[in-house]
């Protein structure tokens, strides 16, 4: 047998064509023992989820899916909460509370009831700029409507009464059903329209007078307004304190006193205009007349 033949034959024995080489004994076959059956673990730590249906796995469930609810579970299914009578009662109670709150809001916004309704009946329909329910808690909006219920005829008659009060005879304020008549129906009734307009006009005329004397500045209007308002408040407080000291029982309210104290700005405006037109002499003459007129008016 050549070396080339042996190399081509591989690792196995070379064939013996003459039969001289004795046969090699066959290699014994090893018997692999059969695997012993596994004992079932009575307490498995994890379920075998490698195959569907094995090891307690639930077919059709993925990771994170909710557990199936069996018919023998003591807990109700998640969707049954809304069918509970207790939850239905809670929903009904919440709806009733919401309806009650809505009724309260509507009743407050409507502005009915109390002094405001009576004032609307006297003065007419409410104005939109005063129909603010939040302001009524801090400021008597209903009563303020009464003091602004004026017209052009009333304003003209009241200005004439403030300048020439000597010929006026009837100073009684008329009442209707225990409530004072609106100012536009009674010239003797106090109002806030003339005092407010007179206060603003006085500030503007004072600025004009300062301008004619070359003493006007933007800060002068603010100074005039703040000083005039401060003296007005001091005057009202002084009257209230005097009434408290002498223990006088009167039907005048603080708003009435504020209205009567604001009427003096009419005479002050006329005095300033007279000073601009006629000089210092005209100013003092007209101002003296206006002071006497407002004195008689206040006493009456």
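Even glycines carry a Cβ here, placed using N, Cα and C.
Here the structure is a predicted model, which means the values were calculated and not measured.
Residues or ranges marked as compositional bias 'Pro residues' in TrEMBL: 12-26 (among others).
TrEMBL lists 52-63 with the feature compositional bias 'Gly residues'.
Feature annotation from TrEMBL assigns compositional bias 'Pro residues' to 65-79 (among others).
Sequence annotations record features per position, and here TrEMBL assigns region 'Disordered' to 1-80.
Taken from TrEMBL, the feature transmembrane segment applies to 192-211 (among others). Within the chain carrying the transmembrane segment (192-211), a Cβ under 8 angstroms from the stretch's Cβ atoms is held by residues 144, 147-148, 150, 155, 158-159, 162, 183, 220-221, 224-225, 228-229, 232, 255, 258-259, 261-263, 265-266, 268-269, 272-273, 275-276, all 6 or more beyond its ends.
Summarising the annotation, TrEMBL assigns transmembrane segment to 223-245 (among others).
The feature transmembrane segment is assigned by TrEMBL to 257-277 (among others).
The transmembrane segment feature in TrEMBL is assigned to 283-299 (among others). Residues of the same chain lying 6 or more positions beyond the ends of the transmembrane segment (283-299) and with a Cβ under 8 Å from any Cβ of it are 161-166, 260, 263-264, 266-268, 270-272, 274-275.
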